[in-house]
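Student: Annotation source TrEMBL lists site 'Transition state stabilizer' at R17. Residues or ranges marked as active site, proton acceptor in TrEMBL: Y22. The substrate binding site annotation in TrEMBL covers N74, H80, D87, L102, S103, R112. For H101, the entry in TrEMBL reads active site, proton donor.
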Amino acid sequence: MKLLVLNGPNLNMVGIRERGVYGTKTYTEMVHYIKEVAKERGHDIEVRQSNSEGELIDWIHEAYLKGYEGVIMNPGAYTHYSYAIFDAIKSIAPIPVVEVHLSNVHARESFRQTSVTAPACVGQLCGFGELGYGLAIQALEQAVQSLNG
Ligand code: DQA
């Protein structure tokens, strides 16, 4: 499958930021892990990161325009308030989007316990660190299979 991974604000700082929460692996190492899992499972994958909401929205649209079959998205803090990202995910239906968070957002501050973007997604994975991206690849395989009946 042709897959797109979109990481939102501050994820480029993984390995440096709040290591007790996000771990010590760098963003580059995390991207390497995602690409390895995708390769092992026979997928073409592109991994991008942006600190800008508009750029993330443009990339969601690009998933539709360029024929990506599934998207994995960690919207970072936009998760908790970006109705524009919710609308963008809705606008590319039926392309499945899986939301991923490195940390268990439900066990953290109350503002993190709401995701305004997850209702537009096929599902959400959180609390498993980079493994969440690997699991999301498997989730997309299933979602695409059920779409193709
Ligand atoms: C995060 C959780 C968000 O609440 C936070 O703003 C992030 C990272 C995660 O991956 O756990 O930037 O999306």
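Including glycine, each Cβ sits where the backbone N, Cα and C put it.
Note that TrEMBL annotation is computational and uncurated.
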Student: Roughly how many Å lie between the Cα atoms of R112 (substrate binding site) and Y22 (active site, proton acceptor), rounded to a whole value?
Tutor: 14
Student: Quick one, of the binding-site residues N74, S103, which Cβ has the fewest other Cβ within 10 Å?
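Tutor: Counting other Cβ atoms within 10 Å of each of the binding-site residues N74, S103 gives the minimum at S103.
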Student: Would you measure the largest Cα separation among N74, H80, D87, L102, S103, R112 for the substrate site and round it to whole Å?
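Tutor: In whole numbers, the farthest two Cα atoms are 24 Å apart.
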Student: Given N74 (substrate binding site) and R17 (site 'Transition state stabilizer'), what distance in Å do their CA atoms have, once rounded to a whole number?
Tutor: 16
Student: Could you round the CA separation between S103 (substrate binding site) and Y22 (active site, proton acceptor) to a whole angstrom and send it over?
Tutor: 6
